[in-house]
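To start, the structure under review is shown below, and the notes come after it.
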Amino acid sequence: MAGDPKATAYALEQISASLDEKLAAAGQHPPLDPEAEKKLLRKTDLHVIPILSFLFLLAFLDRTNIGNARIQGLEKDLKMKGNDYNIALFIFFVPYILFEVPSNIIIKRVAPSTWLSSIMILWGIATMGQGLVQNFRGLVAMRFLVGLFEAGFFPGCVYLISMYYKRYELQKRFTFFFSASILAGAIGGLLAYGIANMDGVSGYKAWRWIFIIEGLMTVVVGIISKFFIVDWPETAKFLTDEERVLLLARLASDQGEATMNRLDRRAVKRVFSDWKVYCSVVMYIGVVNSGYATSFFIPTILTELGYKAEKAQVRSIPIFIVATICALVTAFITDRLRHRYSFTIIGISVATVGYGLLLGQKAAHFSVGIKYFATFLIVSGTYITQPVTIAWISNCMSGHYKRSISSAMQIGFGNTGGLIASNIFLAQEKPLYKTGYGTTLGLLWMCAAACTVLFLGAKWENKKRDNGDRDYRLQEEDADNLGDDHPHFRYAT
């Protein structure tokens with residue numbers, strides 16, 4: 001069977017069907033070998049997470065390096081004025097929001113290794129283009145293309161990762177992946193500091209080299225990544241036939257009968273009428289606004305605190321390193337406790353203290369040291385909460401199509417928060433940025449409210465299912481395609 005892909009695929013389909021039949025008949029799954037599972041998990045971790053994390057780091061560098069380029073002379077050379085910088089940030093999110101859901105539908109039908117590597121090469125080329133433009137309109141056009149081609153990457157990776165792990169194995173793996181975007185803030189500052197010494201090389205200013213070098217890195221890595229990105233578990237080449245069977249069996253034991261492998265009319269209705277999807281969008285808008293605000297404006301904020309451009313680049317590094325550590329520690333604890341809600345509130349509370357310090361800096365006459373400390377609280381608190389919101393909603397979804405569309409909707413429409421972040425740090429308000437800090441703080445607590453709604457709603461729904469109040473769904477015509485509407489499925493809290 002190992003030498004015949006068609007035979008392997010057929011056999012896996014039969015095994016999967018057999019597992020579903022056994023589950024339906026007996027209501028349980030056969031015991032799995034714990035040692036074999038541990039070995040499989042180690043192998044999966046090695047092949048799935050590191051490569052996607054590295055690629056996401058490059059994606060986030062290309063998305064946010066405009067913040068580093070700004071303090072190296074971008075605005076002056078392109079004769080930007082007023083809120084032109086905010087417009088350049090804003091335009092990225094228009095295609096980014098619109099094309100995330102279509103992309104996640106495409107990736108269901110195309111090998112992830114092909115799709116993700118292809119769009120990576122394209123946005124790398126567009127990133128390089130930002131370093132070659134001669135005016136503001138050219139910059140806006142390139143930012144639009146970067147947003148268009150990047151749109152499918154993050155939700156595609158979230159979807160792909162979620163298909164390899166049980167629900168309470170997911171948070172620490174996902175946070176490790178997500179931490180690449182946090183570290184991008186530190187690495188971006190370090191790269192910008194080094195590239196600043198290239199000012200004038202070949203007649204190009206330092207800010208141009210930031211885009212050109214980082215974009216070229218993305219193109220080269222994108223070409224190579226085709227051979228390292230994993231595909232779906234059913235066809236993953238790094239697994240043996242026996243390992244595929246074990247992986248499918250352990251995933252089936254986790255989701256039970258809560259599958260959604262057909263995107264028919266009733267499935268579409270279940271997806272788009274699910275209150276949890278829209279709750280997750282509000283959650284993500286609230287917290288991602290702060291995430292983008294820190295990535296886009298930390299270098300600028302540090303210069304406003306009195307640091308020169310190069311020193312501001314360097315001083316951004318420890319902020320993002322501390323945030324990465326906080327996010328990873330949170331991930332291990334929340335998976336171990338099998339609880340999500342409290343950690344979202346903890347992160348928001350930490351960030352609130354930071355924003356409060358910056359909002360009160362003028363009245364309290366805070367020193368530069370205290371304001372610098374506030375940025376640590378803001379970034380760490382934001383990144384404690386943000387990855388938890390993404391893994392949490394994935395924990396509350398079941399079925400191939402349900403996870404695909406829900407993750408794309410959360411991240412896609414949730415990135416409206418990026419649109420907001422692009423337009424609230426107004427040049428005329430520097431260095432106090434009251435609109436920016438105040439709006440971001442308010443949105444964080446909007447996220448907290450949505451998290452509370454999801455927590456209470458999930459507990460209420462789980463109680464209903466415990467009491468058998470949802471068993472009637474087993475008699476419906478799509479009982480084999482209910483996804484997380486299945487009465488045996490329990491939502492994470």
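Going from the start of the chain as shown, residues are counted 1 onward.
Here the Cβ of each residue, glycine as well, is placed from N, Cα and C on the backbone.
Here is what TrEMBL says about this protein:
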| type | residues | note |
| --- | --- | --- |
| DOMAIN | 48-466 | domain 'Major facilitator superfamily (MFS) profile' |
| TRANSMEM | 48-66 | transmembrane segment |
| TRANSMEM | 86-107 | transmembrane segment |
| TRANSMEM | 114-133 | transmembrane segment |
| TRANSMEM | 139-162 | transmembrane segment |
| TRANSMEM | 174-195 | transmembrane segment |
| TRANSMEM | 207-229 | transmembrane segment |
| TRANSMEM | 275-297 | transmembrane segment |
| TRANSMEM | 317-334 | transmembrane segment |
| TRANSMEM | 341-360 | transmembrane segment |
| TRANSMEM | 372-393 | transmembrane segment |
| TRANSMEM | 405-425 | transmembrane segment |
| TRANSMEM | 437-458 | transmembrane segment |
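Same-chain residues lying 6+ beyond the ends of the transmembrane segment (341-360) with a Cβ under 8 Å from its Cβ atoms: 283, 287, 290, 330, 333-334, 366, 370-371, 373-386, 388-389, 392, 433-434, 437-438, 440-441, 444-445, 447-448, 451-452, 454-455, 493. Sequence-distant contacts of the transmembrane segment (317-334) (same chain, at least 6 residues past either end, Cβ-Cβ under 8 Å): 171-172, 174-176, 178-179, 182-186, 189-190, 298, 340, 343, 346-347, 375-376, 379-380, 382-384, 387-388. Among residues of the same chain six or more beyond the transmembrane segment (174-195), those with a C-beta under 8 A of the stretch's C-beta atoms are 49, 52-54, 56-57, 59-61, 64-65, 67-69, 72, 157-158, 161-162, 206, 209-210, 213-214, 294-295, 298-299, 310, 313-321, 323-324, 327-328, 330-331, 379, 383, 386-388, 390-391, 394. Residues 83, 86-87, 89-90, 92-94, 96-101, 103-105, 151, 154-155, 158-159, 162, 271, 274, 276-277, 280-281, 283-293, 296-297, 300, 389-390, 393-394, 397, 433, 435-436, 439-440, 443 of the same chain lie 6+ residues outside the transmembrane segment (405-425) yet bring a C-beta within less than 8 angstroms of a C-beta in it.
Below 8 angstroms of C-beta separation, residues 55, 58-59, 62, 65-66, 69, 78, 103, 106-107, 139, 141-143, 145-146, 148-153, 156-157, 204, 207-212, 214-219, 221-223, 225-226, 229 of the same chain, each at least six residues beyond the ends of the transmembrane segment (114-133), sit close to that stretch. Sequence-distant contacts of the transmembrane segment (139-162) (same chain, at least 6 residues past either end, Cβ-Cβ under 8 Å): 48-49, 52, 55-56, 59, 62-63, 66, 74, 78, 87-89, 91-100, 103-104, 106-107, 112, 115-116, 119-120, 122-123, 126-127, 129-130, 133, 170, 173-174, 177, 230, 232, 390, 394, 403-404, 407-408, 411-412. Model confidence over the domain 'Major facilitator superfamily (MFS) profile' (48-466) stands at 89, taken as the mean pLDDT rounded to a whole number. Within the same chain, residues 63, 66, 80, 115-116, 119, 136, 139-140, 143-144, 146-148, 150-152, 154-156, 159-160, 296, 404-405, 407-409, 411-413, 415-416, 418-419, 421-423, 425-426 sit at least 6 positions outside the transmembrane segment (86-107) and bring their C-beta atoms closer than 8 Å to a C-beta of that stretch.
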